[in-house]
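These notes are about the structure you will find just below.
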Amino acid sequence: MATLLVKNIGCLQTPVGSYSHKGKQQAENLKLQNAAILIEDGIIKEITSDGILPSEAEDAETVIDAEGNLVTPGLVEGHTHMVFGGYRQNEIPLKLKGAGYLDILRAGGGILDTVRKTRAASFEELYQKTEGFLDEMMGLGVTTCEGKSGYGLDFDTEVKMLEVLKKLNADHPMDIVATFMGAHAIPEEYKGRADEFINMLCEELLPYVKEHGLAEFADVFTEDSVFNYEQSKKYLECAKACGFDLKIHADEIEAIGGSVLAGEMGAVSCEHLIAINEEGLTSMAKAGTTAMCLPATSFYLGADFAPARKMIEMGIPVAMASDFNPGSCPSLNLQFVMNLGCLKYKLLPEEILTAVTINPACAINSGHLVGTLEQGKQGDLVIWNAPNMEMLCYRFGSNLALQVIKKGNLV
Ligand code: NIG
Ligand code: FE
């Protein structure tokens, strides 16, 4: 049996308490001083505090001294578009001259530019590039992440992207949950025929992706100039009938009903929500849909920040993720997202931790496995170059992850 002991943990902080599969609303955190944690065969066997060591500590094969630092659960990255061809740094001058995100998309750039590059990229190219991103994420403290398709918008490329994620999930220490996002934009060959494109997704791609176990979730970009309420609803109804759990990119720029639909359809999470209104908030609160807030995207787009405090007050579970993608958030640094959550959403350190661990874990159907440190869960944790969570909210621009442990192995 492979056992790992992490000892001399100055502060072990983790969300606790009962949580539904849809997320935890309160930010209750357990804080243990002078703690230790024993992981056996990848699973947490015992957590102790106040200088007491776990009962089988002496038999541990590997011992790591946390040197009095903070230990938290491994971070859970709940929203990325990490498989893509090329980059879009060429949009920077356009942005500086005042072109909006949707202006660039309407002119055939933006997502459609990445679609051209992703269609042209081989499986191997996409695999290697994404593998590099996973390494980078893990070095920053992420031990489980979500990844979406959506830069193919045709059968072969959507499947290629999902196959890349599937192979990386098997090969890389990161646990990856895949989301099919065929409804990410209207491809050039369907210009002016969004309804027909939705029909194609419903008839060809959704059933294939489900049958081949390529994704657990389906997602749609409900936005002006992309998919409207009715088109999104049709796609999500097909997805639900195929057995997918649902996510919606909604109210990023304009509130056209996406967050209302998320509640109506019982979506597990709803993403962005910068422009969410009272109706959307009420619908999500009623359904228990997790708000996947993406503050680094707000930062990069120069947009407003989602009303995260109000969401918490209304009982909506708040998660935070990077939204890593080549257009609206070219950063995969979840530590920076934590800084923004504190500075821009005004979330407290314990709310921040909940928002990057158990809540996103629940939003990708992994809350029973990861997202907290407790007996029986996966031994995924981070030893930080910090004495407490306050320090993680405060220092920005540096990588404070000292050691990252995935399923009891140092990575
Ligand atoms: O979540 N908003 C839609 N999709 C991504 C951006 C994709 C892109 O610009 O390439 C997002 O921000
Ligand atoms: Fe996104």
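Cβ from N, Cα, C; glycine included.
If you check TrEMBL, you get these features:
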- HIS79, HIS81, HIS249, ASP323: Fe(3+) binding site (BINDING)
- HIS79, HIS81, HIS249, ASP323: Zn(2+) binding site (BINDING)
- ARG88, TYR151, HIS184, GLU252, SER328: 4-imidazolone-5-propanoate binding site (BINDING)
- TYR151, ASN325, GLY327: N-formimidoyl-L-glutamate binding site (BINDING)
- 70-410: domain 'Amidohydrolase-related' (DOMAIN)
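This view paints the features noted in TrEMBL onto the structure.
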residue : record                                  : DSSP class
HIS79   : Fe(3+) binding site                     : coil
ARG88   : 4-imidazolone-5-propanoate binding site : coil
TYR151  : 4-imidazolone-5-propanoate binding site : coil
HIS184  : 4-imidazolone-5-propanoate binding site : coil
HIS249  : Fe(3+) binding site                     : strand
ASP323  : Fe(3+) binding site                     : coil
SER328  : 4-imidazolone-5-propanoate binding site : coil
Report summary line: Of TYR151, GLU252, GLY327, SER328, the binding-site residues whose C-beta sits under 6 angstroms from any atom of ligand 2 are none
Query raised in the report: So for ASN325 (N-formimidoyl-L-glutamate binding site), how many other CB atoms are inside 10 Å of its CB?
Result: 26
Report summary line: By a 10 Å Cβ neighbour count, the lowest-scoring of the binding-site residues HIS79, HIS81, ARG88 is ARG88
**Report entry** Candidate nearest ARG88 (4-imidazolone-5-propanoate binding site) in space, where candidates are the binding-site residues HIS81, HIS249, ASN325 and distance is Cα-Cα
**Finding:** ASN325
Query raised in the report: What number of additional C-beta atoms lies within 10 angstroms of the C-beta atom of ASP323 (Fe(3+) binding site)?
Result: 29
Requested in this report: Output: those binding-site residues from HIS79, ARG88, TYR151 whose CB lies less than 6 Å from an atom of ligand 1, in sequence order; none if no residue fits.
Outcome: none
Query raised in the report: Which are the residues of the chain, HIS79, HIS81, HIS249, ASP323 excluded, whose CB is within 8 A of where the CB atoms of the Zn(2+) site average out, their centroid?
Result: THR80, LYS148, ASP219, GLU271, HIS272, MET292, LEU294, THR297, ALA321, PHE324, ASN325, CYS329
Report task. Can you grab the distance from GLU252 (4-imidazolone-5-propanoate binding site) over to HIS81 (Fe(3+) binding site)? Cα atoms, rounded to a whole Å. Result -> 16
Query raised in the report: Can you give the mean pLDDT for the domain 'Amidohydrolase-related' (70-410), rounded to a whole number?
Result: 97
Query raised in the report: Rounded to the nearest angstrom, how far is the Cα of ASN325 (N-formimidoyl-L-glutamate binding site) from the Cα of HIS81 (Fe(3+) binding site)?
Result: 5
Report summary line: Other than TYR151, ASN325, GLY327, the chain contributes near N-formimidoyl-L-glutamate (Cβ within 8 Å of their centroid) the residues HIS81, PHE84, ARG88, GLY110, ILE111, THR114, GLY150, PRO326, SER328
Query raised in the report: What same-chain residues, at least 6 away in sequence, bring their CB to under 8 Å of the CB of TYR151 (4-imidazolone-5-propanoate binding site)?
Result: HIS81, VAL83, PHE84, GLY85, ILE111, THR114, VAL115, LYS117, THR118, THR157, MET161, HIS184
